[in-house]
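Copied over from Swiss-Prot, here are the features:
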- 1-20: signal peptide (SIGNAL)
- 21-253: topological domain 'Extracellular' (TOPO_DOM)
- 27-135: domain 'Gnk2-homologous 1' (DOMAIN)
- 34-113: disulfide bond (DISULFID)
- 89-98: disulfide bond (DISULFID)
- 101-126: disulfide bond (DISULFID)
- 137-237: domain 'Gnk2-homologous 2' (DOMAIN)
- 148-215: disulfide bond (DISULFID)
- 191-200: disulfide bond (DISULFID)
- 203-228: disulfide bond (DISULFID)
- 254-274: transmembrane segment (TRANSMEM)
- 275-279: topological domain 'Cytoplasmic' (TOPO_DOM)
């Protein structure tokens with residue numbers, strides 16, 4: 001019985017450590033944007049915005065995507081008080097991690113964009129956006145963020161062929177989320193959930209085109225447009241976590257240190273229990 005108990009503790013430790021890493025990585029900051037126009041506190045817009053953010057948190061425990069229109073009915077005192085917004089989690093996230101990511105987004109967007117009539121926030125695992133104008137379902141391929149790795153590849157025919165195969169596969173999707181791999185080159189892409197299949201394909205084609213034009217021979221790159229994104233990396237050449245341009249290194253370092261200390265403490269307890277069971 002004691003051995004079964006020890007095995008259960010070990011399983012719980014390694015499972016929770018893996019889950020924690022997955023959850024923490026989804027919270028990594030990618031980009032944020034705030035409208036220059038500001039609203040006055042304690043106004044109908046602020047009330048509608050707070051209602052939207054509360055609805056987002058509630059909905060994210062059940063769905064990976066949802067959109068909202070708050071205060072846009074005829075009884076609204078002013079059309080400028082309406083809030084249109086959406087959230088979306090990366091399609092491979094568990095529902096619990098999606099909910100945590102969205103909660104983090106809500107907490108951060110109010111700090112990054114206080115009193116803004118419009119704001120957007122992209123984390124590694126989720127996206128949050130609201131505006132006072134109705135943008136829902138309307139195609140928008142404006143560039144929001146790009147990152148090209150500092151390392152590049154020259155005269156490697158196999159790499160570029162596999163990269164282009166992956167990117168062609170990504171831009172052809174009409175499913176909203178796609179993962180692709182060719183040899184050591186991997187990538188994934190996603191559209192917001194309210195885009196039609198044809199608009200999603202068009203958005204991803206634009207994103208892939210910008211990846212090639214803006215990042216050239218980079219061994220890894222990511223391009224985020226207003227309603228879709230695409231990214232790729234050569235796993236044999238590149239590790240995103242080692243790139244000095246990758247964000248949130250302080251947070252990662254702290255998480256690693258805390259994880260190591262916690263793991264060491266649990267192992268000490270387990271060894272002590274094993275020693276006691278032998279006597």
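Heads up, residue numbers simply count up from 1 along the chain you see.
Heads up, the Cβ atoms here are built off N, Cα and C, so glycines get one too.
Where Swiss-Prot records a feature, it is marked here on the structure.
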residue: 34; record: disulfide bond; Cβ within 10 Å: 17
residue: 89; record: disulfide bond; Cβ within 10 Å: 27
residue: 113; record: disulfide bond; Cβ within 10 Å: 19
residue: 126; record: disulfide bond; Cβ within 10 Å: 27
residue: 148; record: disulfide bond; Cβ within 10 Å: 18
residue: 191; record: disulfide bond; Cβ within 10 Å: 27
residue: 200; record: disulfide bond; Cβ within 10 Å: 26
residue: 203; record: disulfide bond; Cβ within 10 Å: 24
residue: 215; record: disulfide bond; Cβ within 10 Å: 19
residue: 228; record: disulfide bond; Cβ within 10 Å: 27
Cα-to-Cα gap, residue 203 (disulfide bond) vs residue 191 (disulfide bond), nearest whole Å: 8
By Cα-Cα distance, the member of disulfide-bonded residues 113, 200, 228 nearest residue 126 (disulfide bond): 228
10 Å Cα neighbourhood of residue 34 (disulfide bond): matching disulfide-bonded residues from 89, 200, 215: none
Distance, residue 101 (disulfide bond) to residue 113 (disulfide bond) (CA atoms, angstrom): 18
Spatial separation of residue 191 (disulfide bond) from residue 228 (disulfide bond) - C-alpha basis, Å: 4
Distance [Cα-Cα, Å, rounded] between residue 148 (disulfide bond) and residue 98 (disulfide bond): 26
